[in-house]
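Features reported for this protein in TrEMBL:
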TRANSMEM  33-55  transmembrane segment
DOMAIN    48-298  domain 'G-protein coupled receptors family 1 profile'
TRANSMEM  67-85  transmembrane segment
TRANSMEM  105-127  transmembrane segment
TRANSMEM  148-170  transmembrane segment
TRANSMEM  208-232  transmembrane segment
TRANSMEM  252-272  transmembrane segment
TRANSMEM  284-303  transmembrane segment
Amino acid sequence: MNSLNASFSQNITIVHPNYFFIIGLSGVPYSSYYYIFLFITYFITIIGNSIVLLIIALERSLHSPKYIGVFNLALADIGETNALIPNMMKTFLFDSQYISYNACLANMFFVFLFSTMQSFTLVVLAYDRFIAICLPLRYHALVNNTNMTLVLSAKWAFNSSVVALMVSLITRLSFCESTVIQSYFCDHGPVYRLACNDNSVNRFMGTFITTLYLVIPLTIIILSYLGIFLALNKITTWESRLKALKTCVSHLLVVGIYFLPISCAYIAAFMLSLAPNARVISTSLAYAVPPMLNPIIYVLNTAEIKDIMRKMLKNRSTPSGDNISK
């Protein structure tokens, strides 16, 4: 009976606020120009990734394991951008920095879900390149459309479960003092640090998420490319080496654009005492810019997509030329 009363009294002390206050870019001169930049970034990201999705969906020659991965990456890019930038634009347009408790948890879930899918998809694409170059004779046995679809589906389910667990653990926290989030969205770290009860489980979960979706994927990708470079050294001619390496250029660029900014932002946050506005700008750029650049990289650096776009443009211009000749 005493244990029941103790449990009941402990539950009473859990305080969930009606709203959180997201600080965003407060007190930064000319911050409106940054919001305009974010709006342009959002527009380019949605249009660019939608084009990539349409091209891959409509062109049967691109229905291959590699482009299933690229399709998944574009989907995650659109999801993450929609979870982040519209909320920031709402702050700018309507001067509304309040977000309800449940909306905050939903925002946290979707931002982290799509971000983790970006990271894991880059690992899958690295595996695709590793098998294609190091084990070319076994490529179609190890990497095919069915296997790629199953792997990516499993990753969606796994990431959803892990992120849902991370977000659900926030509900055990009591926010009895400040409700001001030192970020531009309902970021996990700034939220759990506001708690006035024990948040050690949440701190562990934050470290676990960072390790699982940042450190481990980057390590796997680096190891896979070490294997690729060792395999390339065994190729006798430079022409064959360059031809094989060229198939990795787009993926390497996307990996660098994703992991480098976000790693620098995390390292700076741990090693330096960044001002809140500096942290907001650095992390928002690390999250917002890569989804904008990914479709540009894949369109400009992938021969198959460039050839398809040339054919589409040529087909559109052909009828007008025929009409003129008539």
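Every residue gets a Cβ built from N, Cα and C, even glycine.
Predicted automatically and left uncurated, TrEMBL annotations should be read as such.
Sequence-distant contacts of the transmembrane segment (252-272) (same chain, at least 6 residues past either end, Cβ-Cβ under 8 Å): 73, 118-119, 122, 125-126, 210, 214, 217-218, 221, 225, 279, 282-283, 285-287, 289-290, 293-294, 297-298, 301. Of the candidate ranges 33-55, 105-127, 148-170, 33-55 contributes the most Cβ pairs within a distance under 8 Å of the transmembrane segment (284-303). Between the transmembrane segment (208-232) and the transmembrane segment (105-127) there are 3 or more Cβ pairs closer than 8 Å, counting only residues 6 or more apart in sequence, so the two stretches are in contact.
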